[in-house]
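Contents: one structure, followed by commentary.
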Amino acid sequence: MVLVQNYITPCQAYLPNASSSQVDVMHQLGWFRSGHNRRAPGCVIRSENVTETSTSSCQDRLGRRQFLAVGPTIAPLLLMTSEIPTSFAAENRKGFLPVTDKKDGYSFLYPFGWQEVVVEGEDKVFKDVIEPLESASVNLVPSSKEDIRDFGSPQQVAETLIKKFLASPSQKTKLIEASERIVDGKTYYTFEFVAQAPNYTRHALTVVCIGNGKFYTLTTGANERRWGKMKDRLHTVVDSFQIFNV
């Protein structure tokens, strides 16, 4: 493990001049008010087609599924049932290493060769030693909610996080896809987006979930020029993320 004081995390790169903490941001979003548990049994994946959150010159990438928009603010939903192995994060996968945080109750996989670094304000960070935009970071903030759906649909949560936290106002952003999966009664939202800065464009994936009184956020990504090479590995990272009771 390496202590990196000057390492710029994905969120810090998007908000270089931010003065409020993550908790302040969540307070501004009203995400600490109590809500009702709306968990459902089984395993459901729901994906939404989305529109641009701002003008962008980036091409509209639809990832692994294609959808047709039916209006400027309404996106069609595709409901499908799938079996998701509950031990996904613990499985041995070629080219990946597992990490489990027994104290905070989460686990995921990260690409072999990435190095763990210690960054103030981040619970855990792994990054490529050569490509600075290739990383995976986990953030935790307190939450009185019991289910991520209490904050809205996958698209609503994704747009709010991108606008308020994951990208700065000066960046051109596009939300490409937002989806939902349920594993062991816990709901996860995963979304894909791009954020274009003057000197680079980062293609990112984020997964969020609520449990143990915490709002969990894992974000991973890569430079747009390397997205084609890295996308499958980065999807493995977010798909492997799971939380467990502690």
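Keep in mind that glycine also has a Cβ here, set from the backbone N, Cα and C atoms.
TrEMBL labels come from automatic prediction, so no person has curated them.
Some features that TrEMBL has for this protein:
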| type | residues | note |
| --- | --- | --- |
| DOMAIN | 94-243 | domain 'PsbP C-terminal' |
Structural state census, the domain 'PsbP C-terminal' (94-243) (DSSP three-state): 34 helix, 74 strand, 42 coil
Integer mean pLDDT for the domain 'PsbP C-terminal' (94-243): 96
